[in-house]
Amino acid sequence: MKLLLLLALLLGAVSTRHLKVDTSSLQSLRGEESLAQDGETAEGATREATAGALMPLPEEEEMEGASGSEDDPEEEEEEEEEVEFSSELDVSPEDIQCPKEEDTVKFFSRPGYKTRGYVMVGSARTFNEAQWVCQRCYRGNLASIHSFAFNYQVQCTSAGLNVAQVWIGGQLRGKGRCRRFVWVDRTVWNFAYWARGQPWGGRQRGRCVTLCARGGHWRRSHCGKRRPFVCTY
C-alpha cells in the first residue's frame with residue numbers, strides 16, 4: 001500500500017514538472033513570434049518612410065511636369081507673324097527718300113577681314129523699309145555680322161550716333177521646330193551675340209534682330225518698330 005502511494009506521488013511530481021516546462025516553452029515561442037512580428041512591422045514602416053521621403057506626391061509630379069522654361073523655343077508664345085519683305089512696307093516706295101548725308105556715318109570693316117563698306121543711317125525706319133533703303137540707295141542689304149570684332153565696330157558707331165538700338169540684317173524665319181535665324185543678304189549664320197535670355201526668353205517676340213548700342217548684344221524686336229539701321233554696300 002505504501003508502495004502504491006509512493007508511486008502515485010512520484011508520478012504527480014513528474015507531471016507537474018512537465019507541465020511547467022511545456023508552459024515555459026509555449027510562452028517562449030509566443031514571445032519569439034511577437035518579436036518577429038514587431039520586427040517585420042518596424043521594417044515595413046522603415047521602408048514606407050524611406051519611400052515617402054524619396055518619392056514626390058502625385059500633385060508635385062504633375063506640377064513639375066507642367067512647369068515649362070521660358071527659354072524653350074518650342075514653348076507656346078505670342079509672336080509676330082512672318083511676313084514677306086515685299087508686302088511689309090508701310091508706305092509706297094516712292095515716299096521713301098534716301099537718307100541725307102548728314103544723317104549717315106560711313107565706315108569700313110577692320111583690316112584682316114573682307115573689306116566692305118557700311119553706312120549707319122540715323123533716320124528711323126521699320127525693318128523692311130530699312131532693307132528697301134539699303135537696296136535702293138546703297139545697292140546692298142541690312143548688314144550681316146560674322147565676328148565679334150565687327151560687332152564691336154557697329155556697336156561703337158551706333159553709340160556715336162547716340163541711339164539705343166539699330167536694325168541689323170538678322171531675321172527669324174519658319175515656324176515651330178523649323179524656326180531659324182537667317183541674314184537677309186543670304187550669307188551663312190555663323191555668329192551671334194545674344195543678350196541674356198535671348199533669343200527665346202524675355203517678352204520680345206519679334207522676328208527681326210536689333211543690336212544694342214550699350215553692350216553690343218542682340219535682341220529680337222517686332223519688325224514694324226522704327227529704328228536706325230546699318231547697311232552694307
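Any Cβ shown, glycine's included, is placed from N, Cα and C.
Going by Swiss-Prot, these are the annotated features:
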type	residues	note
SIGNAL	1-15	signal peptide
REGION	24-96	region 'Disordered'
COMPBIAS	42-57	compositional bias 'Low complexity'
COMPBIAS	58-93	compositional bias 'Acidic residues'
DOMAIN	132-233	domain 'C-type lectin'
DISULFID	C134-C231	disulfide bond
DISULFID	C208-C223	disulfide bond
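Helix, strand and coil content of the domain 'C-type lectin' (132-233), in residues and according to DSSP, is 23 helix, 31 strand, 48 coil.
Annotated pair C223 (disulfide bond) and C134 (disulfide bond), C-alpha to C-alpha distance, rounded: 16 Å. Listed in sequence order, the residues of the same chain lying 6 or more apart from C134 (disulfide bond) and placing their CB within less than 8 Å of its CB are G140, N141, L142, F229, C231, T232, Y233. Around C208 (disulfide bond), the same-chain residues six or more apart in sequence whose CB sits under 8 Å from its CB are F127, W167, G170, Q171, L172, R220, S221, H222, C223, listed in sequence order. For the domain 'C-type lectin' (132-233), the model gives a mean pLDDT of 94.
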